[in-house]
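Peer 1: Encoded as structure tokens, here's the structure I'll be asking about.
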């Protein structure tokens, strides 16, 4: 009998747990348990991002979820986009609670540079952020950069293959957020004994315009993964544009990590 798994899903910046509304029932209908984490100042959390000044505070709901697991339970931890940073942070704390890390169109940090390294490299890329709105907030530890996505940027770079209804939903629900680059640049490197010891795989979309395939391949060359799964025709928001194909990839991962 095929073993069922507990999937813990971590959303991207500026969004919330609502992005998994198509994928969650697919996984549950296959018998898996699914926890879609709502990170701080995201989704329906009423706090503004200015009230969450560090990546540790932002990630606290994920850390609490893993802390609450039964002693011998292992999860498949899926981090989407900026969620790759969140799951690396969680794996550094709870490596024994994670069967495999799944980086889904995600930033893939390493253990040799500061945690902001891949974000710093990403921000050096040409292309710009179009009609996104930038601002800053003074925190106890310095300046925190903030961003609110513009509708043209969202349509062209994140949602270009999604049903129009999902794009309209995202315009209503997306929020101001942060990559916490200033905070991440001051943090200790992720450890080999923690994050570096956990199996990791990558799921990428063939038509991702937010984190381009060339950049994804550079990250994988920089910090290797066990296997790469590619979703043909998926855009950045692949859980909305190609939910069945994403389900198929996650099912394959679940089988590989029985």
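Note that Cβ sites are derived from N, Cα and C of the backbone, with glycine treated the same way.
Below are the features I grabbed from Swiss-Prot:
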type	residues	note
ACT_SITE	81	active site, proton donor/acceptor
ACT_SITE	236	active site, proton donor/acceptor
SITE	208	site 'Increases basicity of active site His'
Peer 1: Sorry to bug you, but what's the C-alpha spacing from residue 236 (active site, proton donor/acceptor) to residue 81 (active site, proton donor/acceptor), rounded to the closest Å?
Peer 2: 8
Peer 1: In sequence order, which residues at least six apart in the same chain have a CB under 8 Å from the CB of residue 208 (site 'Increases basicity of active site His')?
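Peer 2: Sequence-distant Cβ neighbours: 105, 216, 234, 235, 236, 238.
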Peer 1: DSSP three-state call for residue 81 (active site, proton donor/acceptor): helix, strand or coil?
Peer 2: coil
